[in-house]
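A.B. asks: A single structure is presented below for examination.
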Amino acid sequence: MPQTARITELDCLRGIALLLMISFHIVFDLACFYNWPLDYLNGFWYYQGKAAAILFMLVSGISNTLSRWPIRRGLTVFGTGMLITIVTYFFNPAMYIQFGILHLLGFGMLTAPWLAKQSALLLTLAGTTLLIMSNWTDSLTPTTTWLLPLGITPTGFASLDYYPLLPWLGVVLYGMAAGKLLYPARQPLWPSAATCVPIHTLSWLGRQSLLIYLVHQPVILVVLSFLHYDLSGKM
């Protein structure tokens, strides 16, 4: 496989997804920890959070068709997801993350060496099949949590972050199909993007996406705590 330099516009899209995710989590934290009247389960904020996740999935899918080391990346991302599972279990065992977006993206990367060999048409059909199948799995109510990765949840299941393979791997497959169509030569569509300062800044954020994902929530909580303490002291 020929070497592939990083593609600026993809890193830029990751940066945009990060900003959307961070703003959503600020709203989430304000609502959950400080009782602000912000509805993150419906309306604008809900769809912004989903838009961030879907953008991550699509870009990850595109990158899966370009990556030189998908297995290594997949192990890193999936392993990080498992670390978050352990941490959130001790933090909130009632809603800990068992199969979140990092588990999903890591799984997609681990299967990329085989999936990337398929045509864009086949990837699109497979993605659509997964989305349709999720309508069936939604009606199943097992008593075990072993089927959580497939989108089959027991009654009363709740999690801080949940993106099962059905339907969300389908979105990753759509991204892979887009990668096959948009980057057949593995070259950027916008070669001069790196010379644009806003694009360059967003792409830098995108290159640090995993690290930022790991640290952003603790940082947000610390900042909000200081702001709350400061404002409370002045009232």
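Just so you know, glycine gets a Cβ as well, placed from its N, Cα and C.
Caution: TrEMBL annotation is automatic and unverified by curators.
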A.B. asks: Could you check which of 102-119, 120-137 is flagged in TrEMBL as transmembrane segment?
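C.D. replies: Result: 120-137 is the stretch TrEMBL calls transmembrane segment.
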A.B. asks: Could you check which of 74-91, 182-199 is flagged in TrEMBL as transmembrane segment?
C.D. replies: 74-91
A.B. asks: Any chance you could find the range in 12-38, 44-62, 74-91, 120-137 with the most Cβ pairs under 8 Å to the transmembrane segment (210-229)?
C.D. replies: 12-38
A.B. asks: Mind checking which residues of the chain, 6+ beyond the ends of the transmembrane segment (12-38), have their Cβ under 8 Å from one of its Cβ atoms?
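C.D. replies: Distant contacts of the transmembrane segment (12-38): 45, 48-49, 51-53, 55-56, 58-59, 193, 199, 201-207, 209, 212-213, 216-217, 220-221, 224, 228.
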A.B. asks: Where else in the chain does the transmembrane segment (120-137) make close Cβ contacts, counting only residues six or more beyond its ends and a cut-off under 8 Å?
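C.D. replies: Long-range Cβ neighbours of the transmembrane segment (120-137): 150-152, 164-167, 169-174, 176-178, 180-181.
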A.B. asks: Would you kindly list the residues that approach the transmembrane segment (74-91) from elsewhere in its chain, counting only those six or more residues past its ends and only Cβ-Cβ distances under 8 Å?
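C.D. replies: Counting only partners 6 or more residues beyond its ends, the transmembrane segment (74-91) has Cβ contacts under 8 Å with 97-103, 105-112, 160, 210, 214.
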